[in-house]
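Marked as domain 'MTTase N-terminal' by TrEMBL: 5-121. Annotation source TrEMBL lists [4Fe-4S] cluster 1 binding site at C14, C50, C84. Marked as domain 'Radical SAM core' by TrEMBL: 145-379. Residues annotated as [4Fe-4S] cluster 2 binding site in TrEMBL: C159, C163, C166. The annotation domain 'TRAM' is assigned in TrEMBL to 379-441.
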Amino acid sequence: MTAPKKLFIKTYGCQMNVYDSERMAEALGGQGYVETATPDDADMILLNTCHIREKAAEKVYSELGRFRGLKAERPDLKIGVAGCVAQAEGAEIMRRQPLVDLVVGPQSYHRLPELEAKARSGEKALDTDFPEEDKFEHLKSRPKSKRGPTAFLTVQEGCDKFCAFCVVPYTRGAEVSRPVGRILDEARELVERGVREITLLGQNVNGYHGTGPDGADWSLARLIWALDGIDGLERIRFTTSHPNDMSDDLIEAHGTCAKLMPYLHLPVQSGSDRILKRMNRKHTAEGYLRLIERIRGARPDILMSGDFIVGFPEETEEDFQATLDIVEAVNYGYAYSFKYSTRPGTPAAERSQVDPDVASERLQRLQALITRQQRAVQDTMVGRELDVLIEKPGRKPGQMVGKTGYLHAVHIADCTAAQGETVRARITESGTNSLFGELCRD
Ligand code: 5AD
Ligand code: SF4
């Protein structure tokens, strides 16, 4: 028997990329690859790149440059670039960096075995097509090994919203939803393998409209209700959503579906209507706040999470103040804030840019507010009794770590429960980034 070949995957960016990296490892598993934690002994290195912020392509070039020594020592080493940078600039990367043997865009991962064989034979292999037929071909065929208690499941890819700052509609293409039957099959299989919590993924997940077994178009809420019927599945989450696609049935599900966790990531990006309009968001700050009121009407304890961009072209101090105001008004449990970064090819790239020092200073102010707010929300958990899904052992002996429905990590001392079990815990303390608790023994 030949020794297995070693595969090193470095993943950048969002949860969709984490999910895709798992699928790539599985696809190459069929070619005799096993994953390794370091590039040093790898036979194949794959960079699963992200294009959403920062100087993504430059980062890829500098990372690739670091592999020059390894490739000189071992000419058989194959180096590949996957993900959104591959999609957007793959051919250019291959021209500019001769170390690269393989380029594969997010819609073509199911072709990795062929591409790998081509690269092995000494040819350059590139595939960045948008297939018309079955966009989810690359998500098929998962091996049946045991898994941890939480998993991602892609239900939708691409985005039609065209926010003026965002590359996703260009790199991931138009919105496509996976048929309901396949999602339910995959969910059942995950549960058989030990998964208790599934996070449904999509770039615009609440825009989901997949074909149901009845041939009708199913909404995300309807899909969630079907998943709710799977025995052994305890928790359902979904991310990322657009405010304009928060349909009535989805809001209602937050109030009535016990498996749907009280957590919602609903980015607004800015609190200024002037900037929202320039961002092509097609909603106002007031409309967003009213929407949250309705969601909280259905599920009063829901924990809101969001994304913000500061320093978007033409943002004034007054616009930025409106962003601070909307953060105050919502009271987020989690929020992620980014300095605007120019993405070539997007409409906002052509506009007059904010001074980078001004943008950095605004980012600091926003992050200080968010940090205070996150901590205050986390502190309100102290004294409560909450269900915690145990994920792994903690650092201290006897300690286990799990998550509440609100997605806070809890360290539980003297915890007899195993990974994958849900326990009732009393929260005793709120730390910098996590909670501490003890088992409720009634
Ligand atoms: N610059 C800064 N942040 C961006 N995001 C998307 N595109 C950009 C950009 N060009 C942020 C948005 C989005 C999150 C995933 O990344 O806030 O919600
Ligand atoms: Fe990008 Fe999200 Fe806007 Fe789609 S909705 S364009 S993924 S920021």
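Any Cβ shown, glycine's included, is placed from N, Cα and C.
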**Q.** When distances run from the Cα of C50 ([4Fe-4S] cluster 1 binding site) to each of the binding-site residues C159, C163, C166, the nearest one
**A.** C166
Q. What average pLDDT does the predicted model assign to the domain 'TRAM' (379-441)?
A. 96
Q. Cβ under 6 Å from ligand 2: which of the binding-site residues C14, C84, C159, C163 qualify?
A. C159, C163
Q) ligand 1: which of the binding-site residues C50, C159, C163, C166 have a Cβ closer than 6 angstroms to it? A) C166
Q: Check each residue in the chain of C14 ([4Fe-4S] cluster 1 binding site) that is at least six apart in sequence and keep those whose C-beta is under 8 Å from its C-beta; list them in sequence order.
A: C50, I52
(Q) Between the Cα atoms of C84 ([4Fe-4S] cluster 1 binding site) and C163 ([4Fe-4S] cluster 2 binding site), what distance do you get, rounded to the nearest Å? (A) 17
Q) Which are the residues of the chain, C159, C163, C166 excluded, whose CB is within 8 A of where the CB atoms of the [4Fe-4S] cluster 2 site average out, their centroid? A) K161, F162, F165, V167, V168, P169, Q203
Q | Output field, [4Fe-4S] cluster 1 shell: CB within 8 Å of site CB centroid, site C14, C50, C84 dropped | A | Y12, G13, M16, N17, T49, H51, I52, G83, T171
Q: Kindly report the helix/strand/coil residue split of the domain 'MTTase N-terminal' (5-121) according to DSSP, in that order.
A: 60 helix, 24 strand, 33 coil
Q | C-beta crowding around C84 ([4Fe-4S] cluster 1 binding site), within 10 angstroms | A | 25
